[in-house]
Amino acid sequence: MKTLYSLRRFYHVETLFNGTLALAGRDQETTGFAWWAGNARLINLSGKLLGAHVAHAGLIVFWAGAMNLFEVAHFVPEKPMYEQGLILLPHLATLGWGVGPGGEVIDTFPYFVSGVLHLISSAVLGFGGIYHALLGPETLEESFPFFGYVWKDRNKMTTILGIHLILLGIGAFLLVFKALYFGGVYDTWAPGGGDVRKITNLTLSPSVIFGYLLKSPFGGEGWIVSVDDLEDIIGGHVWLGSICIFGGIWHILTKPFAWARRALVWSGEAYLSYSLAALSVCGFIACCFVWFNNTAYPSEFYGPTGPEASQAQAFTFLVRDQRLGANVGSAQGPTGLGKYLMRSPTGEVIFGGETMRFWDLRAPWLEPLRGPNGLDLSRLKKDIQPWQERRSAEYMTHAPLGSLNSVGGVATEINAVNYVSPRSWLSTSHFVLGFFLFVGHLWHAGRARAAAAGFEKGIDRDFEPVLSMTPLN
C-alpha cells in the first residue's frame, strides 16, 4: 500500500489481509477500491467498464427471456392472467400480441417468440460483456476515441447524454409505430369489453398532453396517472419521443452553458447519483401508475385496481338486492347516508357505503351506466348487461390485496381466492426499488459532492478513541 499517493484517501476502505491479491490493474493498490467495491475499480478503465455494462445488459435480457418462457410454459389459457402470477405476459398482451376481444388469449406463439428472441439477444450481449471484460482493450481512449471519455470532459459527457436521449426517443416511437401500423395495441375501452385496435386519431394537442403534467396529483385529478384513453397515451409518446430526440441532438451539438458547468458536479460518481435519482422518480411514478391506472395496465390482464374491486363489490350487491326488490335509489344505510347510492360533494350520484371514497373510479364495465350527473338511476334499473355483472363479480373477488404467502383478497371476504394480484407485486416492487434507488442517490451524491469539495475521507483513524484504550489482552 506504500505506492498510494495518499493513505488518508483510503482510510475508509477496508484493507485486505493479503495485500498481494492482484487483478491486473484492477487491484486495491492501483485503484484504491477493494474487490467488493465492484465497478468502482473500473472508473478509469473505460474498456473494462464497457464490458461490465454489456454483461449487465445481458443478464437483464437473459432474465426477461427465461422468465418469459417460464410464464409461457406455465400459462393456462382458460384462467385469467392475473390469477397465474404472471408479470411479463400481461405486458405482451397489452401490446396487442396473442389476444382477441375481451382480452382472451387466442395464440401463445408470439409470447414464445418473444422469449426466444430475448434469450438469443442475451447470448450476444453475454459474449460482448465477457469479451470486453477479459479480452478487449482496457481503455478505449487511444484506439477508439469516439467511444473513449474522461469523466470531467463536460462536452463529451453531454454528447453521451444526447446519444442516450435519442435512443430513449426511438424507444418511445417504437410503441407509437406498434399502435399505429403494426397491429395496434389492446384497448380496454373498446366497445363490447376491450379489443386490440389500431390507434388512428392521436391526441397531439399540447394543451391536452401537457395539461396532464399541470394537474394536481391528488384524488379526482391524479396528474399523469389519470390518463384514460389510448389516443392520449400514444400521442404523449409522440411528444416524449420527439422531445427526447431533439433534446439528444441539442446535447450532442452544444457544450454545457457556464451556469451548468458551475452548478453541477462533473465526475463519474456524480453522474451515477443523477441517474439513480432519475430512476428513483421513474420507480415511484410506475408504482402509482400500475396501482391506479386501468388503461395502460388493463384489468383484464393485471386484475382490477383497488378502487375498481371495491366499486365492483358495491355494484354486485346493488344488482343482487335490486333483484330482491330493494329500491336502490332511496334505501338508507346504517350511517344515514344512502345504502347503495349517494351524492358526492360535487353532486354526482355515486355508490354508497365504504366505497364512496373511490367515487373517482372510471372503468369500462361501469361507465355505460353513468349519465350527465353520475350514475343514472334509470340505467341501473333497466340497462345492466350480464357481462357487466360477471365482470364486477370477478373483480370483487380479486381485489389487489394480499400477503407474500398468497392469501389474497380482502381478509374478511369469504369469497376471496388464493392469489396475489400482479398489481400488488408490480407496484410494491417498484416502490421499494424506487426507495432504495433514492437512498443510493443520496449516498453517491454526498460522496461526489464531498470529493469535489476536497474533504472526502472516512473516520479519522489518527484520533480514534479505541487507540487510547487498554489492549484487550
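Just so you know, glycine gets a Cβ as well, placed from its N, Cα and C.
Record features, source Swiss-Prot:
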BINDING   GLU367  [CaMn4O5] cluster binding site
MOD_RES   THR15  N-acetylthreonine
MOD_RES   THR15  phosphothreonine
TRANSMEM  69-93  transmembrane segment
TRANSMEM  134-155  transmembrane segment
TRANSMEM  178-200  transmembrane segment
TRANSMEM  255-275  transmembrane segment
TRANSMEM  291-312  transmembrane segment
TRANSMEM  447-471  transmembrane segment
- Query: Are the transmembrane segment (134-155) and the transmembrane segment (291-312) close, by which I mean at least 3 Cβ pairs under 8 Å that are 6+ residues apart in sequence?
  - Reply: no
- Item | Non-local residues, at least 6 beyond the ends, that sit with Cβ under 8 Å of the transmembrane segment (255-275) | 43, 151-152, 154-155, 157-158, 440-441, 443-445, 447-449, 451-452
- Non-local Cβ contacts of GLU367 ([CaMn4O5] cluster binding site) (under 8 Å, 6 or more apart, same chain)? none
